Amino acid sequence: MIDFYYAPTPNGWKIAIMLEETGLEHRTILMRLTEGDQLTPAFKAISPNAKIPAIVDHNAIGGRMSVFESGAILLYLAEKTGKFGPNGGLERKEFYEWLFWQAANQGPMAGQLSHFVNYAPEGQEYALRRYRGEFERSLAVLEHQLIGRDYLFDDYSIADMAIFPWAFISKPLGVDLTKFPNVAAWRQRIKSRPAVRAAINLHKDQQFSNTASATQNAVLFNQSADHMRT
């Protein structure tokens, strides 16, 4: 059994997709991020960065094991199941490149864009231009990789699962995918998978809104070093 600490965000969807695709037995634990569930000592013992997603595998080799960070979780589950991971040789090298590209480039830029679109006070035009431009740049990189391909590599993999969620919500972020036809087709191809549809609808009613109170936003966005020391 795997305990899956989740909220309906792009990073949460990555792991929800993998769990749905593999059929691993799991229990979803909904984290109320605006209420500070992620800041409890019990959760920080599982996820030291106080972020979702995280898992606890009660059937790991050697006993109970916790894993945090979405990329690490995807790799762990791919190795555990033997599914959706890389083939050997050159593909394995490229596979890791793209998985880390998502974690270091696409994800952070899209996350900042989402913040300034949905939560920041008005008058942040520079930040919006900056992060929308970077997000579109990442889509252009992805567009090139998808030339002549249905997926990032020969087969659907956790690389696709990692990159898909931010592309999925590109329209609410103010980015038109008609400028990126390969990405648009890839997005639709993945979205049509039953496991993906189930994952992105998991606790959909609990998705954040940009009408959260000032107190809730402070919990989400103003964590300090002091929060991590306690």
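Indices start at 1 and increase along the chain as displayed.
From the backbone N, Cα and C atoms, a Cβ is placed for every residue, glycine too.
As annotated by TrEMBL, domain 'GST N-terminal' applies to 1-85. Mapped onto DSSP classes, the domain 'GST N-terminal' (1-85) shows 35 helix, 18 strand, 32 coil.
The domain 'GST C-terminal' annotation in TrEMBL covers 88-213.
For the domain 'GST C-terminal' (88-213), the number of residues in each DSSP class (helix H, G, I; strand E, B; coil) is 85 helix, 0 strand, 41 coil.
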